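Contents: one structure, followed by commentary.
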Protein chains: 4
Amino acid sequence: MSDNSFGRLFRVTTWGESHGPAIGCVVDGAPPRLPITEAEIQHWLDRRRPGQSRFTTQRREPDQVRILSGTFEGLTTGTPISLMIENVDQRSKDYSEIAAKYRPGHADYTYQQKYGIRDYRGGGRSSARETASRVAAGAIARKVLGEEVSIRGSLVQVGPHRIDRERFDWDEVECNPFWCADAEEAARWVDYLDGIRKEGSSVGAVVEVVASGVPVGLGAPIYGKLDGDLAAAMMSINAVKGVEIGAGFGAAALRGEDNADEMRHGNDGVRFLANNAGGILGGISSGQDIVVRFAVKPTSSILTPRKTIDREGQDTEILTKGRHDPCVGIRAVPVGEAMMACVLADHLLRHRAQCGGL
Amino acid sequence: MSDNSFGRLFRVTTWGESHGPAIGCVVDGAPPRLPITEAEIQHWLDRRRPGQSRFTTQRREPDQVRILSGTFEGLTTGTPISLMIENVDQRSKDYSEIAAKYRPGHADYTYQQKYGIRDYRGGGRSSARETASRVAAGAIARKVLGEEVSIRGSLVQVGPHRIDRERFDWDEVECNPFWCADAEEAARWVDYLDGIRKEGSSVGAVVEVVASGVPVGLGAPIYGKLDGDLAAAMMSINAVKGVEIGAGFGAAALRGEDNADEMRHGNDGVRFLANNAGGILGGISSGQDIVVRFAVKPTSSILTPRKTIDREGQDTEILTKGRHDPCVGIRAVPVGEAMMACVLADHLLRHRAQCGGL
Amino acid sequence: MSDNSFGRLFRVTTWGESHGPAIGCVVDGAPPRLPITEAEIQHWLDRRRPGQSRFTTQRREPDQVRILSGTFEGLTTGTPISLMIENVDQRSKDYSEIAAKYRPGHADYTYQQKYGIRDYRGGGRSSARETASRVAAGAIARKVLGEEVSIRGSLVQVGPHRIDRERFDWDEVECNPFWCADAEEAARWVDYLDGIRKEGSSVGAVVEVVASGVPVGLGAPIYGKLDGDLAAAMMSINAVKGVEIGAGFGAAALRGEDNADEMRHGNDGVRFLANNAGGILGGISSGQDIVVRFAVKPTSSILTPRKTIDREGQDTEILTKGRHDPCVGIRAVPVGEAMMACVLADHLLRHRAQCGGL
Amino acid sequence: MSDNSFGRLFRVTTWGESHGPAIGCVVDGAPPRLPITEAEIQHWLDRRRPGQSRFTTQRREPDQVRILSGTFEGLTTGTPISLMIENVDQRSKDYSEIAAKYRPGHADYTYQQKYGIRDYRGGGRSSARETASRVAAGAIARKVLGEEVSIRGSLVQVGPHRIDRERFDWDEVECNPFWCADAEEAARWVDYLDGIRKEGSSVGAVVEVVASGVPVGLGAPIYGKLDGDLAAAMMSINAVKGVEIGAGFGAAALRGEDNADEMRHGNDGVRFLANNAGGILGGISSGQDIVVRFAVKPTSSILTPRKTIDREGQDTEILTKGRHDPCVGIRAVPVGEAMMACVLADHLLRHRAQCGGL
């Protein structure tokens, strides 16, 4: 079924395994006559590319994207856009151990139980490698949204260490290897993550993605809620275990007086005095910044031996050698941005269909 | 489009406004020959019914469900099941104020901006009244899942007050007006919420829903992830602002050694030594308890005047009189259970389609 | 799953059995602020209503429609529109025979084999009664399309007797009990069908539906073709066994020179010199009349005994007593019009989503 | 949106233009552990490949398929199967004329009007080249259906010349360049089509596809009807203008006594005495052969000048030079078989989901 597709009108279908010949996606539903080049898509892929700092996996992938269909003379034609990224660095390492044993916290066990077969090389379909396709699709989604909408992400927590909101500055995001909007905190993370890395351990993280300039009216009541789709989109990213909008879980501790964002007359009709709602009211964008945070668990691929079972169900131990990602949350930042872009592009088209305009 | 439907194979479409003649839903895809009666559905509706304690809205609704199609001689036939609940208590009150002013934190403003029209009576489509249809659909979903699967919910936080995990006891859930599994904490909440209620204020909450006996293998990689669908389902409930699975946001602060649930040989092949994953690995159920929590914001309908604007965009103030829900999180418990049931039923059918069995 | 829904953006879900308490549908995706009343929907339902002449079943149904949701002060709100029609004339006849025996040519055998259960009363879900919901939904679809688009149907063949194209006149359609655009032929059908009726026999028919004023650009390449969706829509009507567009099967005998519709400069940019394409090129509307024909088989409910088997698989015979429809094709005319309206409304919204405008 | 996908559970998404770097498809939902190799898919692609006789286009394409994902060690894994076929023979001819003028009967005009842009090289997305992806997907669908189900197609009419049912013999299909089951008629077509070809003309055709060994129970009532999906699938093939099931349009002229297929006790419970229903009752397979016919119009690419307009809307003429397909219906035979396989595979999985078994 369409388990590998997301979006209804801006529809992305991804395919590919970590160690197959290639990965890619098909983007169906993009409006015609949008200018798009491989170079523009490459720009976003390069931000996500692994091996750019010692804090992410050392797998070396050029992640070179090719447009195989859907454009003509540099413009989208309204037909499906097929994007392909060849896998280059599939180390011919020995997979016999992960073929025989289930890595705790990984999809090994459940894939095997569900399908009775799995491509264990590098995690196969469950590898974070799939997220490259999302970033490529996100580049097209940004074109659909246009210049007015800006989507930015920041790592706001690594392990127990959170950033200071007072120091939040989007300009800092490109200045450190963590996409962190707090330069001071980012500086501290260098030593902290070096320690984690040297111990062969890993830590979790929290990513925040903010969309500015989103018009009021995107989303729909009940099961077409913008926040519902954002929650599904972020939760579909590898290792994500929680998603919140605006005040999120913090809202549970608030009283109605403090949580409801008051309104005043403003330029475009309204000015909100706060944004606990994270830019979404009743599932529909309010025109404020859309604020989403998601929690990324620490990768289970560590150098400390862990108790597990083998395919025969016998007790054994495993430790994951080879390339190592001390904090997978880092590379989740551009992916979260891409998912935000895709969800908003989808809802922009959905809004047009029913209500016109925009 | 299908903004009012959820689920792919166990497909629920809801309709109806707070103050229209009725609300209801159509359940499409239920297997044939399942025994189901109006009385069984009513059992679940009665748990959610408002006006059962002073801690929930005083709207008096019998919430009497009628099966209009899809069953024959007490069994499902495989054709769509149409369920209808008539609206009885639509107070003929004066709606001129909420017709003219936008209630902060409510969908009033965004509905009006998106559609250029809204049924403001009692919130119209954005009213929590819609969740009665979900609970009715959930009753059918439980039939699809069968006796082996049990789904239970508990209120685990009210305002800043959390339950003590040491005292967690499912048997307590039916013994207090909060569906709280911690009797001691629940006792404290009585006074606390009485205070909130008397002040005409409101407070947020956190609900936990647990599914036990779920077979391994439900869910699919990438965009068909069980946790992705659960996140969307819970986020689609009125006033929900956050969703987490297992350790959730807590996982961000953990290290790989502590977060990965180790495995040992067990009866059905495997025994997990922990459940930080909340019963889902790589988007697929592991056979452990599936644990979902969601945060419910405090309702914005309070007796304290709040700054807002009117339909002409002019500054004004509003306070919401009439029936009052000091903690909407309470009634969200049976709704969260129903959503869990529907998502699991959907994935059970989806698993059958691709992998057979179960 | 969504086996009882059609359309993607103008989405109709129908429910109900011939002898249940009611039938109905939910229309999801209609744009907001369309004026629609029960009376307007009733107008179209009355055209289809059985028992209006001796040439259709004598079941007496008022087919009174109720709008249960989705409108406010006479306008659509953008939320799902729930329509319900109560079943009044469910004769308390004896169903023991059709419960025990399979009627040849009916769905009795396949329903029983697939589901292991069936509501045999009046055919249950497979009854043409379901088409009342389609006609109701079609009334809303016409509102979406607006005044410029006119959709008309005519019975163009009854048994072996075809109309004469020379005499085709839309004004005649309302002047005879067959919705036939050829008055002379319709007059002949009176005696012919009286004969069929008195013999307790039945006969097939061909219905033509034409949509005028459809803008160029509706439909999409490949699997989103307008003709593909029209084919599915018409084939989903009870007893339909064939669908064709424009020249249809006749095109098989033509040569390229004769089939390709030549073009000349015209008012709106182009004037076509013929319409063998039936208004659709490459799956997309060309601005010409959209012409669809579909074949309706004779109903298998006849007074002549037929060989069949009973539920135990033993040989037996059956003849269908009671109400009788000598030519079900007659009542298929308004249904075909409604399906055309729904498909066009769906594609209008789909076009807006991707290409804007219209 | 998903305009380039078909099927719900066996879901095929195709992409690619006639003169882009490649075409391909993604097959999502195939069950795991099905043995499938590139060679097996190639077998079916070779049957469709152009340039095999002088009666089909002389474009020389190896149509070499590559499996890019979804299999491991020769077995499907349950993840999406990405198939790619590179375009080799894109003649660097001069496209200035078809870029400037609309070919009558082609999608040129409507594509341009809808999207405001089109890849005119070789018809771009509207080229029959896309059907290679369908044939590749069909090879996987056949694996899902298993050995018991056989799907065969025959050309049963070319221009005005129909085969003689008395001489129908499936073994003849592979023995002539027309996939024709009537050897005698096929022999006559050689001279006939040579004449058409030499005149630079073209002619229409009718294709019949039959599926044997299909279990009873595939399909669903109303909008999930097997014949409804078959109609959409066949109508989505380039140049198809009509689809019929079993007796099809012929049923319109029949009486109920003659059309209803009587039943008798048989081996698997039932034996039908005729098959006017074409193996489908109430939208559900009856266990009889499923019989579908579709009409293919003559291609509009002919050497006779035709009246048309240019992009500026001015009157002009055009004739289509270069490669020539005197009867596109020939190559539609393997495509029709593939579509039948895909629809049946989809419904097999859908049946499993709701009713289990099979």
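Heads up, the Cβ atoms here are built off N, Cα and C, so glycines get one too.
Nobody curates TrEMBL annotations by hand; they come from automatic prediction.
For the recorded site, C:Arg48 (NADP(+) binding site), the DSSP three-state label reads helix. Annotation source TrEMBL lists NADP(+) binding site at C:Arg48, C:Arg54.
Summarising the annotation, TrEMBL assigns FMN binding site to C:Arg125, C:Ser126, C:Ser127, C:Asn238, C:Ala239, C:Gly282, C:Lys297, C:Pro298, C:Thr299, C:Ser300, C:Ser301, C:Arg323. Sequence-distant contacts of C:Thr299 (FMN binding site), defined by Cβ-Cβ distance under 8 angstroms and a gap of at least six in the same chain, are C:Gly105, C:Ser202, C:Ala239, C:Asp325, C:Val328.
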- Message: To the nearest Å, how far is the Cα of C:Arg48 (NADP(+) binding site) from the Cα of C:Lys297 (FMN binding site)?
- Response: 18
- Message: For a quick check of understanding: among the binding-site residues C:Arg54, C:Ser127, C:Ser301, which residue's Cβ has the most other Cβ atoms within 10 Å?
- Response: C:Ser301
- Message: I need the CA-to-CA distance for C:Arg125 (FMN binding site) versus C:Arg54 (NADP(+) binding site), whole Å please.
- Response: 25
- Message: Given a 10 Å Cβ-Cβ cut-off, pick out the one of the binding-site residues C:Arg48, C:Lys297 that has the most other Cβ atoms nearby.
- Response: C:Lys297
- Note on the structure: Of C:Arg48, C:Arg54, C:Arg125, C:Ser127, C:Lys297, C:Thr299, the binding-site residues whose C-beta sits under 8 angstroms from some chain D C-beta are C:Arg125, C:Lys297, C:Thr299
- Interface-proximal binding-site residues, chain B, C-beta separation under 8 A, candidates C:Arg48, C:Arg54, C:Arg125: C:Arg125
- Query: Within 10 Å of the Cβ of C:Ala239 (FMN binding site), how many other Cβ atoms can be counted across all chains shown?
  - Reply: 24
- Of the binding-site residues listed here (C:Ser127, C:Lys297, C:Ser301), which is spatially closest to C:Arg54 (NADP(+) binding site) when Cα positions are compared? C:Ser301
- If you count Cβ atoms within 10 Å of the Cβ of C:Arg125 (FMN binding site), leaving out that atom itself, what do you get? 30
